[in-house]
Amino acid sequence: MRVRSELKKTQCSLFYKPFIVCAWLLSWALLGNKVKKYSLSVFFQQVSAKYPHVKFHRFSFTDVLRFLIQTVYLLLFFSEEQRKKRLIIQHNNTKINVFKSFVKFIRKQIIEPGRQWVVSAFSFTAESAPSEFKSKLLKIKWIRVTLTALMLGLFFWAIVVPFEPINQLIFSFILWIIALWLRSTPGRVATLVMMLLSILMSSRYIWWRITSSLNIDDGIGFILGLGLLAAEIYTWLVLVLGYMQTAWPLRRRIVQLPPNYDNWPSVDLFIPTYNEPLKVIIPTVFAAQNIDWPEDKLNVYVLDDGKRDNIKEFCEQNKISYLTRPDNSFAKAGNLNHALTKTDSEFVAIFDCDHVPVRSFLQMTMGGFIKNKNLALVQTPHHFFSPDPFERNLDVFNEEPNEGELFYGQIQDGNDLWNATFFCGSCAVLRRAPLEEVGGIAVETVTEDAHTALKLHRLGYDSSYVNLKQAAGLATESISAHIGQRIRWARGMLQIFRVDNPIFGKGLSFMQRVCYSNAMLHFFYGLPRLVFLTAPLTFLILHSYIIYAPVETIFLYVIPAIFHANLTNSRHQGKYRNTFWAELYEAVLAWYIFRPTLMALITPKKGKFNVTEKGGMIEKDYFDWGIGLPYLILIAINLLGIGFGVWRIGFGPEAEVSTVFMNIAWTVYNLMILGGVMAIITESKQVRVAHRIEYKLPMTVCSKSGFIYEAIMNDYSESGIGMEIQSDQHVQFKVGDTVTVVLRRNEIVHSFETTVKFASKNILGVKFNDESLDSLRMLIQITFSRADAWEVHPMKRDKEIISSRLLSVLKIGVRGYVSLFTYVHSYIKEHYPQLHDVGLYFLSFLPKRPRLTNN
């Protein structure tokens, strides 16, 4: 009777009421003894938690399907048997903890003493070698040649000798243990040995691929396998050349200038511009005027290829030399060359119009020119105080090293050892005589800076790299602008590769050729990266073997090569580039630099200089569908490949199951990388007129009532300051209050009237009231132009854990797919509401995680 009365309360037809009774009985079985009473009220309370998307009071046919799907889900993941399995897993975790304790004991008692022995072994230096050995044996040429030949012969033998699988496993394991020991061993010698181990294992893999893994019996598999092999050989070549290029970064010291100012040379400072707004140019000009250099020996020029009246008027008002020319031939290179004909100082400093120099720039760079009369170029890093699209869209600004930090943090220092420092177009000084000797700035390619450095090196001139941040600028604002800039770089480097190949020609040393060649080969990565993103689909979809070998053998060769490469790069460049992040950087650009680099090889004279837009804003978050389309196609193809893989597991030959799983795993990894691309091309809003720069600086705050407080600046921009009042008592400032802030730089003291825009306890954010050029000039002099403006807060980097870096990349991939789904959902809801409703209808059938109840 109670059942009949409860059923009458449900608002469904008589046809569906038997289904409710069946659902109740099935739920009783699932809930077990938790159902205390024979009552539908209890049923609705407890079972509704298990079936949160089933409408029992308005039961329909679709609810029958939802109920059955959810029931299968509960039986698979939330049944009593599953609970017992989870308890078993927890018990096993206890065993794992015991094992971890055992490993910790072994590490402390055996591995650590062994590591200390390795440290002492690798502390051997030329100075500590026995004098008899140095003075007699190593000075004999034939002994040096013999020892070198023996070592090279042994190394080559270790590469080509074939091993049985078990011997390859043992060999790889021994080198793995050695590499782990070396990773925690201080000193550069240990890094060099790790590089040799990485080259050894990578070379063994390439040799095995060439000699033992090509499928010559299958035409499609053989051709596509050769394509994959070519991509792998390219990666191996870049790896080896990169190790050679950065084996021993120079870390050059500053050369002091003579104390007598009369001996300091004259410098023309060029600021080229084309279409950048005046607000971008002003800070650079004011900072250039503020450089610590004799006033009569520093000449600042604005080179305006846009021929704009407001720029000319600004220069006249601030006593800046203004130069323009009748045409815009050869873009930036032509602009600089025209300025060379109008000026005559011994040296030329060049800054892009958004790069703000610090006052110590010339004092840090000019000493080398006076000491070395053959020095033609001094380059300093490019630093950016605004986030690039990767940093902004992934929200990692000032938390992770940016894309360019590897080049300016390590590669340029490596180049410097081999006298192969590249000119990077800005933040550099050149000696006029050598520059004019090579015909001025190179105009044959769109990367005029690197080509100019190559010409100088061919004539035997020296270069140097001063790894101090002596200027800061604006990063590209959008991913499309970033891709456009990289396309120009790629096209230009490949143009140089064609018209002035560093491998050939006169004047370069062997290592200079290596450094330039590796820089140019780097931009070929577009096609190899696309090959790696699609390679496993050859087997999953076409059923062709591009690596014709058992899965176990593939793992025995490829895993050690990947492990050593990642471990070595993590130690060598972990401070400048996160492991696995290169995959994201290259994937985003791969599609877009592939065609320009191919065209540059075929027709190197085509292509024009494109100016990178900076100083803009992004009004709202959006997904860049234009940039993302090729990668959406790649995602679809990879998903199709996984579908084929699942089908092959169920219906394919049993002997191929392990191969299918390997290719599915590879495809899943590729999908995570492509998901990362989706996260990167999801543009985040950027509406700041002036970018905020974190900086700690003592300052003084004066209230309108006359109270004076000491404070610490937290950040600043061209429009305001963030600060923390240094007071034990709560300071009563309100939004809208007028306060005066006093800033100091050595003997320079200046006060700025401001308005409070944010106030919370002792934290204040203020906006400058005086927006005049004089006020801005003084602000730049005290903040942007400080000698330590960009060096005082180096990024904190803990020792890199490779597994955590891989996990972070995978998380970014998931985040990308969430963003993609969000924007697809919003787009469909806005433009195709009926299709959106249909999609929600089908999604309602998916199982839901049960809600927790107190019963």
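Every residue gets a Cβ built from N, Cα and C, even glycine.
According to TrEMBL, the protein has these features:
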DOMAIN    269-438  domain 'Glycosyltransferase 2-like'
DOMAIN    686-784  domain 'PilZ'
TRANSMEM  12-31  transmembrane segment
TRANSMEM  59-78  transmembrane segment
TRANSMEM  142-160  transmembrane segment
TRANSMEM  166-182  transmembrane segment
TRANSMEM  189-208  transmembrane segment
TRANSMEM  220-244  transmembrane segment
TRANSMEM  519-539  transmembrane segment
TRANSMEM  545-563  transmembrane segment
TRANSMEM  584-602  transmembrane segment
TRANSMEM  622-647  transmembrane segment
TRANSMEM  659-681  transmembrane segment
Contact set, same chain, for the transmembrane segment (519-539): CB under 8 Å, 6 or more residues outside the stretch: 220-221, 224, 227-228, 230-231, 234-235, 237-238, 241, 422, 450, 489-490, 493-494, 496-497, 502, 545-546, 586-587, 589-594, 597-598, 634, 637-638, 640-641, 659-660, 662-664, 666-667, 670, 673-674
Long-range environment of the transmembrane segment (142-160) - Cβ separation under 8 angstroms, sequence gap at least 6: 196, 200, 203-204, 207
Per Cβ pairs under 8 Å, the stretch of 166-182, 545-563, 584-602, 622-647 packing most closely against the transmembrane segment (220-244): 545-563
Chain residues in Cβ proximity to the transmembrane segment (189-208) (below 8 Å; excluding those fewer than six residues from its ends, i.e. six or more beyond): 118, 122, 124, 155, 158-160, 172, 175, 178-179, 182-183, 232-233, 236, 239-240, 243, 247-248, 557-558, 560-561, 563-565, 567-568, 571-572
Segment-level pLDDT (mean, integer) for the domain 'PilZ' (686-784): 87
Non-local residues, at least 6 beyond the ends, that sit with Cβ under 8 Å of the transmembrane segment (622-647): 478-480, 483, 533-534, 536-537, 540-541, 587, 591-592, 660, 663-664, 667-668, 670-671, 674-675, 677-678, 681-683, 819-820, 823
Close approaches to the transmembrane segment (659-681) from elsewhere in its chain (Cβ under 8 angstroms; 6 or more beyond its ends): 389-390, 393-394, 479, 532-537, 539-540, 545, 551, 554, 583-584, 587-588, 623-624, 627-628, 631, 634-635, 638-639, 641-642, 645-646, 648-649, 652, 809-810, 812-817, 819-820
Beyond the flanks of the transmembrane segment (545-563) by 6 or more, those residues with Cβ under 8 Å of it: 165, 168-169, 172, 175-176, 179, 198, 201-202, 204-205, 208-209, 212-215, 218, 221, 224-225, 227-228, 535, 538-539, 658-659, 662
For the domain 'PilZ' (686-784), the number of residues DSSP places in helix, strand and coil: 10 helix, 53 strand, 36 coil
